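Peer 1: Please see the structure below; I have some questions.
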Amino acid sequence: MVTMEPHVRNPARSWLVPLSVVVLLIIGLWPALEVLGSRWLILDQSYSHGFLILATSIALVVRKWLRGPPRVNLFPFWLFPLLLAALVYLAGTVLLIEGLQQIAILPLIVGALLLVWGWQQTTAFILPLGLLAFAIPVWDYLSWPLQLITVEVNQFLLSWLDIEFFVEGVVVYFPGVGAFEIAHGCSGLRYLLVGLTLTTLYGELNYRTVRSRCYLMIAGTLLALVANWVRVFVIIYIGYESDMTSSLINEHDHFGWWVFTATLVHFFHCLEA
């Protein structure tokens, strides 16, 4: 009687290959990663949460991994997308465009894993890795539109009050009192990115369907924007009523995080209830 021995899976190979891929990517992408890390270290800008997102992403990847390490193989089909991402990165390097380099980082990581894991096995890791998208400085292009929307919303809210004011560009003028500039930091981009990160993470941990996660992200986006509009409006109104003497004007950044935190805490509490 002839017996066949079952295929023995090599546990060392299952983690050694992807780990080697990640190490090689870190070495190859180091110039762009160094610039990205320096951006994350600027604590008063929109991407100061970058290292926290990186740690969260790594934790989620490890969590997925412990549930069942993917089998390592070669999937040549994914070589073309990987090379395409590499060309984008190379173009950014040659043209000295940091944005192109940074845009290519995440596709290079995912593409390399697709090459050794294939689509079915990699899909479980796409969302944990996708969190890194909220820490890559490609969202700055939204800052100006968000800034203009914030101006329009506050102009609408102020029009309901018995207050004399006029708006020029992004500056709200109160004759005889002073003026408020709804500056770049008032766009709400920071709150938007943090809101998207937290709702995406919550959806990953608590929801199974893509539709539920998308609804949650949309709700988180709207709440982050509304929280910023409320923050700016309250600061402008209190500044007007206090003849620009309120300490809240100088503490507007801290006040914004309090408003944003209270909004999200209430939101997640409602989800749990």
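The chain as shown is numbered from 1 upward.
Cβ coordinates come from backbone N, Cα and C, glycine included.
Sharing the record's features from TrEMBL:
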- 15-36: transmembrane segment (TRANSMEM)
- 48-66: transmembrane segment (TRANSMEM)
- 78-96: transmembrane segment (TRANSMEM)
- 103-119: transmembrane segment (TRANSMEM)
- 125-144: transmembrane segment (TRANSMEM)
- 156-176: transmembrane segment (TRANSMEM)
- 214-240: transmembrane segment (TRANSMEM)
- 255-271: transmembrane segment (TRANSMEM)
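Distances, neighbours, how buried they are, the whole picture for these features please.
Peer 2: Listed by sequence, the residues of this chain that lie at least six past the ends of the transmembrane segment (15-36) yet keep a Cβ under 8 A from its Cβ atoms are 50, 65, 69-70, 72, 89, 92-93, 98, 101-102, 104-105, 108-109, 112-113, 115-117, 135-137.
Counting only same-chain residues 6+ beyond the ends of the transmembrane segment (48-66), those with a CB under 8 A from a CB of the stretch are 15, 36-37, 39-42, 124-125, 127-129, 131-132, 134-135, 190, 193-194, 197, 201, 204.
Here the transmembrane segment (125-144) has Cβ contacts under 8 Å with residues 36, 39-40, 46-47, 49-50, 53-54, 56-57, 60-61, 63-64, 99, 102-103, 105-106, 109-110, 113, 184, 187, 189, 192-193, 196-197, 200-201, 204 of the same chain, all six or more residues outside its ends.
Residues 147-148, 182-183, 229, 233, 236-237, 240 of the same chain, all 6+ positions outside the transmembrane segment (156-176), place their C-beta atoms under 8 angstroms from a C-beta of that stretch.
Listed by sequence, the residues of this chain that lie at least six past the ends of the transmembrane segment (214-240) yet keep a Cβ under 8 A from its Cβ atoms are 146, 149-150, 153-154, 157-158, 161, 163, 165, 172, 174, 177-178, 180, 182, 186-188, 191-192, 194-196, 198-200, 202-203, 207, 246, 248-249, 252, 255-256, 259-260, 263-264, 267, 271.
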